[in-house]
């Protein structure tokens, strides 16, 4: 085993010997020197050198201890050995903690002092052994079965999924080598020639530890005679709804039947035989077409492998090349659901994927004005979009979908259209507030001006309203105030009325003349008469018109009783006139 590895051993050189008190008679026995430890997988090799004492009588013993243990433990394979090397395994120790070794020389009852090496962590100093390889030949392919380093050991027990393998294959008669990289324990190398001898070798690699093994021993194998039944090739898988569609190439005849099987992805990453781990697909058994459809529920793992076999009567082809399927790459998620938040000139769009397989994918949205057909597309690796520099108070519509371009150049369907109206911008808001302020201020100013105007009109131009006495006069029925005119000329007789509060006027008509009588508590004839022009209006209407003369006229009496406060005389056509506006002094009544 060690000769195969051929790797430089890790040499742990001991420092200056630590001399312990020797046993009786061992004063001249020196401890071993140049102690080093070489580890490959779980196999330890401890080496040292002696000082040239007679090897026939000197033996050596080794002990070890770990960081978790203060007590030194004996190495069973390294007790009282006569050689300067011993090999052993420590399967029960923790390879991730520091371990320390020491060796001493012994001769009879005498022993040397112990010579210790510096502590080290076995996991980081261990080497990987070449993987074990087993070959299986077909007519046009070779199956390579690989066992990882330290198959049943403790050193790489947790690292098996991290190993990758490099396979070098060549025809025995040629030096042209082909390199194949694999992460599986079984690798099928197709497209070989029948009845041809191929040789190959394999090495293991641990990328994170930056370690690799040596190549395994070269093995050669010959492919078989070409099979009468060709192998189905060019397997393709597509997803349609909730089903998978498996297609392959084959020059089929009417009697050729096909069957397909699937293998969970994790099964190929485990060592050992897996021929019994392939599972049949019921809807792809004994089909005559070069395709079959099966439900996604048939396969319950996220990753799996497919292969197809052809048969005709008693003849059966080899299994096709294994097709790796990642369900995340083939199953399209449903259309996403979007939410849109509107701002003044911005729309915030969040794309909510409806399936967990959307993780790590890209997203695309398209948006446009509701009144336009010009669409704008945006693509991101995240579900959040910000649409800036939009028009305020404008309706925009948005759709989104999930992209698989990095994997299979496929996309989901677009989501439902969602339309949202942007809010007023800051500039529009200022103008709206300013406009409302101007309108409000204008209304207040107009109202104030109107109030001032009404006040000025009331003060400077009071309403021309007749006195209350005239209002009361005109409030009587017209028929009672009419004075019938006759063709005869009549005279007016005036009387002086003194100290009167009430003036009663009675009008009587006679066929020959108009007779007017005045009654009062006290009356006295002044002997003064006043004639005024008589004004006649509308003889057709038959109404008498009052004539008025300024006080102090022909009557020569200042402010005579019977006048109004504004100094106006009136004709005595009234039947009754009673008003506090009449003066109590003697007045001239015409």
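Each Cβ is built from the backbone N, Cα and C atoms, and glycine gets one as well.
Some features that Swiss-Prot has for this protein:
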CROSSLNK  517  ubiquitin cross-link
DOMAIN    332-425  domain 'Fibronectin type-III 4'
CARBOHYD  43  N-linked glycosylation site
CARBOHYD  109  N-linked glycosylation site
CARBOHYD  181  N-linked glycosylation site
CARBOHYD  214  N-linked glycosylation site
CARBOHYD  314  N-linked glycosylation site
CARBOHYD  370  N-linked glycosylation site
CARBOHYD  409  N-linked glycosylation site
CARBOHYD  413  N-linked glycosylation site
MOD_RES   526  phosphoserine
REGION    483-492  region 'Important for interaction with TYK2'
SIGNAL    1-26  signal peptide
TOPO_DOM  27-429  topological domain 'Extracellular'
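Nearest in space to residue 314 (N-linked glycosylation site), taking C-alpha to C-alpha distance over the glycosylation sites 43, 109, 413, is 413. In the three-state DSSP classification, residue 43 (N-linked glycosylation site) falls within a strand. Residue 314 (N-linked glycosylation site) falls within neither a helix nor a strand when secondary structure is assigned with DSSP, and so counts as coil. The separation of residue 109 (N-linked glycosylation site) from residue 413 (N-linked glycosylation site), Cα to Cα, is 88 Å. Annotation: 43 carries the greatest number of neighbouring Cβ atoms among the glycosylation sites 43, 109, 181, 214, 314 [cut-off 10 Å, Cβ to Cβ]. With a cut-off of 8 Å between CB atoms and residues at least 6 apart in sequence, the same chain places 394, 395, 396, 397, 419 near residue 370 (N-linked glycosylation site), listed in sequence order. Its Cβ taken as reference, residue 413 (N-linked glycosylation site) is surrounded by 12 other Cβ atoms within 10 Å in the chains shown. Considering only the glycosylation sites 43, 109, 214, the residue whose Cα is spatially closest to the Cα of residue 181 (N-linked glycosylation site) is 214. Across the fold, the C-alpha of residue 109 (N-linked glycosylation site) and the C-alpha of residue 43 (N-linked glycosylation site) stand 31 Å from each other.
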